[in-house]
Structure formats: C-alpha cells, structure tokens
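A short write-up of the structure that comes next.
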Amino acid sequence: MPASAPEPMIAPSILSADFAHLGAAADAVSRADWLHVDVMDNHFVPNLTLGLPVVRSLRQATDLPLDCHLMIDDPDRWAVGYAEVGAANVTFHVEAAADPVGTARAIRSAGAFAGLAVKPGTPLAPYLDVLKEFDTLLVMSVEPGFGGQTFMAEVLPKVRLARQHVNAGHLRLFIEIDGGISADTIEQAAEAGVDVFVAGSAVFGAADPGAAVSHLRELARDGMARSAHAAGRL
Ligand code: DX5
Ligand code: ZN
C-alpha cells in the first residue's frame, strides 16, 4: 500500500480567461496547483497568444507556479527564456524540436522543470528514451491551437504507456493531459494514469472558476482511486 494516495494536480489554462485581466484570472484560481500558460506563435499552430513579456509580468502577479506550454517553432532557441523569467515548467513540442535533449538540459539548468508535449497523432514509443531527460510529459487530447475542443479519448493509450514506464521506475515524470478536460472527461483521464490536468473552458467558462477547480480535483481523485484499486495497489 502506498504511504499516501496520489493527489491530482489541476492546471487551469488562461487561454480561456480574459486576456485584459490575467492577474484577476490567476487570483480566481488561487487554489489550483499550476497556472497553464499557452504560448502560440501563428506558425506551429494557427493562433497567436502571448510571449515572454507577459509571462514575466504574470510571474509578478501570482504565486502560482507557471506551466508554460510552448506551441511554437524553434523551441531549441526560445524555450530557455521562459525558464529564465521564472516559469516553473517549460513544455515544448517534440514535433517542433531539433534537439529535445539539449533543450531540456538548458531548461533544467535555468532552474525549471522541462516538459515534452506530443500532439494527438504523435506516437510516444519512439521518445521513451528521450523522456528520461524530462520532468513532465504533456499528452495533447485535442489538436493544439484552440480551447473549447472535444476531448480525444484515443490518446489515452499513450497515457497508459507512460504510466507503465513511470510505475516500473523507467521514467520519473509527471503525466499531464491538455485539451477537452471537463467534469465529463477528467475521470477517464485519471483512471488512465494522468497526474496533472489542464482545463481551460471548464474552469474559466464556469460561473465560479475556483469552485470548478475544486470539483475537477474531486472527480480526478475518484478516477485515480479507481485505477489504483484496479491495479491492486490499494
Ligand atoms: C490548446 C491548449 C489548451 C487549451 C485547453 O492548444 O494547449 O491548453 O487551453 O482548453 P480546453 O480545456 O478548453 O480544451
Ligand atoms: Zn496548453
């Protein structure tokens, strides 16, 4: 029996918040675990959001750890800057990186966690060795670029594969899921083995974003408990 049950982490995505009041958005979810910040460059994805100056300002506006998800070309050049301005976790896409290991090492040297993201159609198996250099794995459960899309349950086998490698001690990382997470979908993701749940519209589209975070956490806890029982761990 584990010393304590695993605790789900909730990372509200400010992509669904009011960009003119990001400090207030962070305050509204102060009981969250991380604040998810989607950086898009109009090249890797067909949408444009924010960059280093906004992350630097957000760092001053909230105590929440900033979970920066870079949906940008050439992360080998740009990712380390997000660690340098104080992001807690800097995740970039394997599809965009020429040197994922070198970039992960640079991010870690600058004091942040390094994260690797995979789009829904990108297999995980070829990157299991590379993932030894990372602290988080972000499994996209929608095509990156926009909030409010429908959850793609077909990515969950990648979560299960990563969970097996973490449980076996081959990898040490947080498994994060991003896209379409809501009260309707979070339990199946938790059962598959997710640790960190990104939710944009389900949090900032709710009348009370703080309450939405708490509700999602409860549901994730239920899903995790079921998977622990199923695996005979409890
Ligand atoms: C999409 C972003 C997500 C987005 C999720 O490319 O990476 O973080 O904010 O939004 P929802 O939770 O509404 O699917
Ligand atoms: Zn994201």
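Here the Cβ of each residue, glycine as well, is placed from N, Cα and C on the backbone.
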Of H21, H69, H165, which one shares the divalent metal cation site with H36, D38, D178 in TrEMBL?
H69
Would you list the other residues of this chain near substrate - those whose C-beta lies within 8 angstroms of the C-beta centroid of S13, H69, G145, F146, G147, G148, D178, G179, G180, G200, S201 - in sequence order?
L15, S16, D38, V142, Q149, V198
Neighbourhood of ligand 2 - recorded positions from D38, H69, G145, G147, G180, S201 with Cβ under 6 Å:
D38, H69
On the three-state reduction of DSSP, what should I expect for S201 (substrate binding site)?
helix
Within 10 Å of the Cβ of G145 (substrate binding site), how many other Cβ atoms are there?
18
Number of Cβ atoms other than its own within 10 Å, given for D178 (active site, proton donor):
25
Neighbour count, 10 Å Cβ-Cβ cut-off, for G180 (substrate binding site): what number do you get?
25
